[in-house]
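In TrEMBL this protein carries:
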DOMAIN    84-232  domain 'Phosphoribulokinase/uridine kinase'
BINDING   G89, S90, V91, A92, V93, G94, K95, S96  ATP binding site
Amino acid sequence: MDFMNYDIFTKDQWRNFYQGASVPLTQASLKQIKAFNDRISLQDVQDIYIPLIHYLGLLIHNFDGWQDTKANFLRQESRHVPFIIGIAGSVAVGKSTTARLLKVLMNHFFGGQRIELITTDGFLYSTAELKKRGLLARKGFPESYDMKALIKFLNDVKSGKPLMEVPVYSHKIYDIVPNEVQEIERPDVLIVEGINTLQLPHTEQIYVSDFTDFSIYVDARPKLIEEWYLERFRALLKLAADDPENYYHSYSKIPEEKAVEAAKNTWLTVDLPNLEDYILPTRNRANMIIHKEAQHIVDQVMLRKS
Ligand SMILES: Nc1ncnc2c1ncn2[C@@H]1O[C@H](COP(=O)(O)OP(=O)(O)O)[C@@H](O)[C@H]1O
Ligand SMILES: CC(C)(COP(=O)(O)O)[C@@H](O)C(=O)NCCC(=O)O
């Protein structure tokens, strides 16, 4: 049954859980938020995301305390264990925007802590490798990710490895960027964003969610997500027009409606089935579900009871 184990809160209810205005966002940090997405609703930042940051702050505080208690019991030296937040949901639902927003807000509110963000897109096989494996049409599906490498990375983070490297994926070239890595160095909080963060891949015994301390599923109606997918595609097309290196460059040379028609076809034949068959079934494993309506406005927050 859907949402069997969740408390469901309207936006008003959720907003009222945290009214502390003692640390207001400065004009500079609001500008920073607007700079990466000028359509983001600042009202939602105030009503949804700032209470969420404070909720996370409480969780992290408890988590740190438990690490000390546990080390004490085991007569081990206490060490700082990174807190990992997973963010799941459909392609184009707004996972990376949510993740980046949380990062900006945590940097603001959790002074002095190192907040890092990675996307599991970096663990997709390269286009050449997908071709070799006959998986080009299955990009984004569970088998298109190097799950072993992703799990090893998360294990390294939790074990306190000082420096890690993550491959980088680019929507612009539609592939893993050759010879580029993202360095991750001793994070206090690591946000891991990706469609597969709540999945149980049949190839592995250990899952991403074994390493996450809190998980968020970003949710919306598939018809709306399709709109957002096509909007993002139009934005990518604009960027591609003057850039022959861009994967979408050839699309920018044909009439826009034709290009959008092709993107819609990709949504209907690849990303929507992936949502229905592999992503949506993981929703009820999340600790929190953030539900959005038109214009990405959040209308409900659901918290798993246990
Ligand atoms: N909260 C938001 N407010 C406004 N636009 C958003 C918001 N979240 C996402 N978007 C837009 O929706 C599209 C998909 O978002 P994105 O973060 O790239 O999704 P995902 O990482 O899930 O694929 C992008 O064009 C992005 O700018
Ligand atoms: C790289 C992705 C699997 C992940 O998507 P994201 O969550 O970053 O939007 C996706 O953008 C994708 O390329 N899907 C394959 C079909 C398509 O071109 O949309």
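Going from the start of the chain as shown, residues are counted 1 onward.
Backbone N, Cα and C atoms are what each Cβ position is placed from, and that goes for glycine too.
TrEMBL entries are annotated by machine, without manual review.
Each residue in the domain 'Phosphoribulokinase/uridine kinase' (84-232) gets a DSSP state, and the totals come to 58 helix, 43 strand, 48 coil. When the binding-site residues S90, S96 are scored by other C-beta atoms within 10 Å, S90 scores highest. Cβ neighbours of V93 (ATP binding site) (same chain, under 8 Å, six or more residues apart in sequence): V218, D219, A220, I225, W228, K292. Listed binding-site residues: G89, V91, A92, V93, G94. Those with a CB atom under 6 Å from ligand 2: V91, A92. Just so you know, of the binding-site residues G89, G94, the Cβ with the fewest other Cβ atoms around it within 10 Å is the one at G94. The ATP site is defined by G89, S90, V91, A92, V93, G94, K95, S96, and by the 8 Å test on Cβ atoms against their centroid, the other residues of the chain that qualify are I195, V218, I225, W228.
Within the same chain, residues at least 6 positions away in sequence whose Cβ sits under 8 Å from that of K95 (ATP binding site) are I87, A88, G89, E193, G194, I195, V218.
Taking Cβ-Cβ distances under 8 Å and a sequence gap of 6 or more within the same chain, the neighbours of A92 (ATP binding site) are I225, W228, Y229, R232, D271.
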